[in-house]
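Notes follow the structure.
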């Protein structure tokens, strides 16, 4: 765009400043005009409103005063001797003479007509009523309309001369001697064409004219016909007249006895002085506008003469420097701001030139390849590093035709097209030969669109190789972890299977042996098996924690169940060992808590088992407390497990929760254990979003503190569980199908079931189980997992899907993996029991079976 085009498109600074000043002055003038007009108009309106209110009040006062004087005269006349004598002797001459003298004494406050009545009807009238078209009949009608009180009454009466609007009042005439009411004395004020009343209101209120209305009808007025307005225009302007009209109208509604009537009075006053004030105000505002306009023109001329030359010099310098040619120093300006702008431009141009050289050096000497492409995909420029990687020695067309560059351009082209549409691309891997480069593409966005694309590359060949090695190592680690998990699962199955036989036989022997020495030997066998099972469970739990497969399942449960379990398990153990065991509970027994009951029990079992193991004598105390904190959605279950055992050295407290760690090697040899119990406890507490800490003193004991967030549920009445004897659990013998390939396990389960008077049929694989189920009906199926020919999971699925049987299936497996349990449940099993199966555990499962599935025949 040329300078001439720029000049046509843009305005000069002098013109812009002039227009801004003109605009500012104009806005100020308009603001002053609006403000002045608003306040002046408001003041005039307030003054007009005040005048109207004063006039209205004066008119109302004059009208009421006129009625008050008439009322005073009326009441005074009714007590006069002449009127009383008329009722007694009928001397109307004296009566008429009396009223004539009264009218002459005060002609202004004289009623239009008078009349007297008795109980028998009209007695006398002054004859003036006929001038208003009111005859004797109408007088009777008036007297009948005004029967009560001595107040003024407004009425509209159809007379012989048309509709008449009048005010009527009566006053009783009383015989002062006897107190007898002789009759009624009536007076009437006719409002129609009542010129004396109108003139009195006009002169008293200092008004130019008075118009009396009944509703919208004019009944009397003082207009002569020479006024610049007529009755119709006055009626149109009476409610909302302009404050600047030539006349001011005050509308006064008339009240009779504090009651609104249809009568109202318009008072018209000249308003020329207000209109004159308005015209003078407008003239003053117009003069102000003209003066402001002249001042703006003078300022414009001064700015153009003072600023234009200096500004033109500055513009010439900027145009010269902007051409890209070598520029000269700025010559300066008399105006401080222009001089500052000129020297700033001078410094800016120098800095831009320096930056251009720096950017060019950065581009040329960068170790990473850099290129500039056009939006159409043509190479504009590349730095030496890019030329080196692409095998280009000189920027000639022959060098750009080599296969390496053409292959690179072919792979980069799709990304160039995306960047040409405005997208910024990062992390694009495009190789050059054997090397892999990661490229970033950034479009150069200017006012008219995209002028080019900057492409920057980084050699990531080493990084890619390292990533490949990392992925390989990760896959090997995952395979190793999977192999270890599979090994643990197999070892768990291989250990649990014979362990089920050992513990099962031990439990059977415990019931049948009576000799104390033999019973002691059986206890050793049971304890050894239990210890081996605990070590195995700890190893499997630790493996699950390492693999992140330990799941938390929160639900509502009765806290009493946990207390009862701890009491039943550890009190006999402690009693046998000679250790005092106490539980201090501050939580209501019927309280419902919401957390993972299984993991909470596991935490307590580990901590209390450790306390029992490492406390040869003394006491073990467990305390529970539920705390609620303000502005917290959860309660805190505070647990404290204390013992008076061997204690822990202070230097070993920091590592006590690490895996395979005990206080010292002597403890391991003397007390045994895997060293995983506290590690599992700490991980479980953290999974429950809680905290655990320990205080201990060597040879004095240890105390573990736990804080676990829980949700408190509704309290329920605690029911004492019943524990029937095995032979009484079922009313009749159950038919049980036992699917087990191991003879020892089958023997033990059959022995356990015989205590419950069950009829057990034993098959050794899934195929035999299906054949047996086709021929016979069973109440319960006990299903092993790893079976010959057809496994337990597959057999369970066949029972549900092929045979369509709903017989409860309780899986009995030595595989403690969660995945195995889920596979069994998905196939259709109702429960999963992990071997080795203890007698009490089987009893609990049979209680569950009775409560949920068994129907007594």
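The backbone N, Cα and C atoms fix where each Cβ goes, and this holds for glycine too.
Among the ranges 283-303, 304-324, 325-345, the stretch that Swiss-Prot annotates as transmembrane segment is 283-303. Per Swiss-Prot, the listed range annotated as transmembrane segment is 20-40 (candidates: 20-40, 41-61).
For the domain 'Response regulatory' (735-850), the mean pLDDT of the prediction comes to 88.
Assigned with DSSP, the residues of the domain 'Response regulatory' (735-850) fall into helix, strand and coil as follows: 54 helix, 23 strand, 39 coil. Packing around residue 784 (4-aspartylphosphate) is summarised by its Cβ count: 26 other Cβ atoms lie within 10 angstroms of its Cβ, all protein chains included.
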